[in-house]
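Participant: The active site, proton acceptor annotation in TrEMBL covers His67. Annotation source TrEMBL lists Ca(2+) 1 binding site at Asp68, Val71, Gly73, Asp75, Ser77, Glu86. Taken from TrEMBL, the feature Ca(2+) 2 binding site applies to Thr190, Asp241, Thr244, Asp249. For Arg63, the entry in TrEMBL reads site 'Transition state stabilizer'.
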Amino acid sequence: MAINMASLVYPVMILLIMGYVIDCQALQKGFYSDTCPKVEDIVKSTVQKAFNDDATIAPGLLRLHFHDCFVQGCDASVLISGDSSERTAFANAGLRGFEVIDDAKSQLESVCPGVISCADILAIAARDSVSLAGGPSWSVELGRRDGMASSASDVSNLPAPIDSVDVQRQKFSDKGLSDHDLVTLVGAHTIGTTACLFVKYRLFNFTATGNSDPTISPSFLSKLQNMCPQSGDSSDRIPLDKDTVSKFDVSYFKNIRNGNAVLESDQRLWGDSSTKSIVQNYAGNIRGLLGLRFNLEFSKSMVKMGAIGVKTGSLGEIRKVCSQFN
């Protein structure tokens, strides 16, 4: 049978043009079954210990994984320290959890030297953090390798608090993620806090005329103004979910529906017909059922996000120390 070479070459060219590199290996469950079977147990115990000491580390580790995947793919490039590395970018200024990943890596190097990537540790730690906060657990596909570049100048496509839905949609679409993934993954804001810096502009001078963002409910506006006064410290932190800041649940979506979202980008999801219907599905009135639905969909979207731009096979490296290239 004759083979049309153009039919084989063309898709490859498309992938290369898009910036992807074809590799024969893919992420898989049980990747370390033979080489380091205790990897997930070690990471889980490390995250558990950190969580017991400070439960706010859960949203920190989850956000760390998200910020890693959205810049150069899930390759632990965000973990690299240095004057111009990703973690020095303004958008990454509040990232936390580096020491937890370093701790897990140190333990794994003593048991399975040169085997476990920092990128995989970060993906497992994010899953375990969600579970400890009362959210779902899922099987993490493994086999990522660590990237060999990290530059603050590349940190320009992370979703931002001021983004419109169209901008958010484009940023997620660029990573192969749908509107459904967007709303579901942003649901991670059910846990954690944000700085008043990203909120105050909505409260006192939203359109340069001294008014507030009209999408904020009046009762919640007064609470936000008390938590983030106009003359207050912009570095002060407030809960992203006004009701259950430490519990992974669907109250975040109810907040959006009721005009009680803390971030402008979150509240904007209610003003777009596509994202609004997804928010409504999660926010409905049957708490238990909708909680199960969100947990299931969040797990799926996390697996999908965790595969963005991964380096496998002979690409990248396995770092000895997560904050340094070999």
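Every residue gets a Cβ built from N, Cα and C, even glycine.
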Participant: Between the Cα atoms of Thr244 (Ca(2+) 2 binding site) and Arg63 (site 'Transition state stabilizer'), what distance do you get, rounded to the nearest Å?
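Facilitator: Spelling it out, the Cα of Thr244 (Ca(2+) 2 binding site) and the Cα of Arg63 (site 'Transition state stabilizer') are 18 Å apart.
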Participant: Tell me the Cβ neighbour count for Glu86 (Ca(2+) 1 binding site), meaning other Cβ atoms within 10 Å of its Cβ, over all protein chains shown.
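Facilitator: Result for Glu86 (Ca(2+) 1 binding site): 28 other Cβ atoms within 10 Å.
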Participant: Name, in the order they occur in the sequence, the residues of the same chain whose CB lies under 8 A from the CB of Asp75 (Ca(2+) 1 binding site) and which sit 6 or more residues away.
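Facilitator: When sequence neighbours closer than 6 are ignored, Asp75 (Ca(2+) 1 binding site) has Asp68, Ala119, Arg144, Arg145, Asp146, Gly147, Gly309, Val310, Lys311, Gly316 within Cβ distance under 8 Å.
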Participant: In the same chain, which residues outside the set Thr190, Asp241, Thr244, Asp249 have their CB within 8 A of the centroid of the CB atoms that define the Ca(2+) 2 site?
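Facilitator: Neighbours within 8 Å of the Cβ centroid, excluding Thr190, Asp241, Thr244, Asp249: Ile191, Asp243, Val245, Lys247, Phe248, Val250, Ser251, Tyr252.
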Participant: Which whole-number value in Å describes the distance between the Cα atoms of Val71 (Ca(2+) 1 binding site) and Arg63 (site 'Transition state stabilizer')?
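Facilitator: Spelling it out, the Cα of Val71 (Ca(2+) 1 binding site) and the Cα of Arg63 (site 'Transition state stabilizer') are 13 Å apart.
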Participant: Does anything in the same chain, at least 6 positions from Ser77 (Ca(2+) 1 binding site), have a Cβ under 8 Å from its Cβ, and if so what?
Facilitator: Asp68, Val71, Ser85, Glu86, Asp146, Gly147, Ala149, Ser150
Participant: Between Gly73 (Ca(2+) 1 binding site) and His67 (active site, proton acceptor), find the distance joining the two CA atoms and give it rounded to the nearest Å.
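Facilitator: About 9 Å separates the two Cα atoms.
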Participant: From the binding-site residues Thr190, Asp241, Asp249, pick the residue whose C-alpha lies nearest to the C-alpha of Arg63 (site 'Transition state stabilizer').
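Facilitator: That would be Thr190, nearest by Cα distance.
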Participant: What is the Cβ neighbour count of Thr190 (Ca(2+) 2 binding site) at a 10 Å cut-off, with all protein chains included?
Facilitator: 28
Participant: So among the binding-site residues Asp68, Asp241, Asp249, who's got the most Cβ atoms within 10 Å?
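Facilitator: Per the Cβ count within 10 Å, the most buried is Asp68.
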Participant: Sequence gap of 6 or more, Cβ distance under 8 Å: name the residues on the same chain that satisfy this around the residue listed as 'active site, proton acceptor', in order along the sequence.
Facilitator: Val78, Glu86, Ala91, Asn92, Leu95, Leu158
Participant: Relative to the Cβ position of Arg63 (site 'Transition state stabilizer'), how many further Cβ atoms are located within 10 Å?
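Facilitator: Looking across every protein chain shown, the total is 21.
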Participant: CB neighbours of Thr244 (Ca(2+) 2 binding site) within 10 A?
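Facilitator: I count 17 other Cβ atoms within 10 Å of it.
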